[in-house]
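Reviewing the structure listed below.
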Amino acid sequence: MHEMSIAMAVVGQVEEAAESGGASAVTAVRLEVGELAGVVPDALAFCFELACAGTVLEGARLVTETVAARARCGACGHAWPTGMPPDLCCPGCARATDVELVAGRELRILTVDWEDGPAPRTARTREPISEEG
Ligand SMILES: [Zn+2]
């Protein structure tokens with residue numbers, strides 16, 4: 001399942017960050033999820049709970065922040081929110097040939113909150129989430 005592999009990747013990254021920060025319990029994880037990332041928030045929340053079981057993340061809250069998808073037209077420079085499903089035809093010049101998606105595919109950890117440890121309560125991870133399989 002798509003969401004399961006994402007959830008496992010998130011848990012893996014947070015575990016690593018918590019370990020290097022000396023934390024023993026993670027309370028919340030904030031994720032940035034693009035509108036077009038193809039993630040169903042409910043499914044992700046469910047998978048996240050499963051993936052957290054037996055780790056330092058057990059019982060942690062998952063907060064997802066949706067990023068609206070935006071496109072930009074190379075021909076006239078117009079930028080617009082694409083919506084979902086994405087509308088990739090420029091409302092400025094009605095062309096769809098030189099359209100670039102500038103936002104909406106995000107999928108990364110924003111912040112991690114944990115209960116103890118000498119490190120700051122909030123940690124940033126380095127890499128975007130990569131899916132396995
Ligand atoms: Zn245009």
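Including glycine, each Cβ sits where the backbone N, Cα and C put it.
Caution: TrEMBL annotation is automatic and unverified by curators.
Here is what TrEMBL says about this protein:
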type: BINDING; residues: His2; note: Ni(2+) binding site
type: BINDING; residues: Cys73, Cys76, Cys90, Cys93; note: Zn(2+) binding site
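Locations of recorded TrEMBL features on the structure.
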| residue | record | Cβ neighbours (10 Å) |
| --- | --- | --- |
| His2 | Ni(2+) binding site | 15 |
| Cys73 | Zn(2+) binding site | 22 |
| Cys76 | Zn(2+) binding site | 14 |
| Cys90 | Zn(2+) binding site | 22 |
| Cys93 | Zn(2+) binding site | 13 |
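Note: the Cα of Cys90 (Zn(2+) binding site) and the Cα of the residue listed as 'Ni(2+) binding site' are spaced 31 Å from each other. Highlighted here are the binding-site residues (His2, Cys73, Cys76, Cys90, Cys93) whose C-beta falls below 6 Å from ligand 1: Cys73, Cys76, Cys90, Cys93, in sequence order. For His2 (Ni(2+) binding site), the nearest neighbour among the listed binding-site residues (Cys73, Cys76, Cys93), judged by C-alpha distance, is Cys73. Summary of the Zn(2+) site environment: with the site residues Cys73, Cys76, Cys90, Cys93 set aside, the chain residues having Cβ atoms within 8 Å of the Cβ mean position are Gly74, Ala75, Gly77, His78, Pro91, Gly92, Ala94, Arg95, Asp98, Val99. In the three-state DSSP scheme, Cys76 (Zn(2+) binding site) is classed as coil. A coil conformation is recorded for Cys93 (Zn(2+) binding site) in the three-state DSSP classification, outside any helix or strand.
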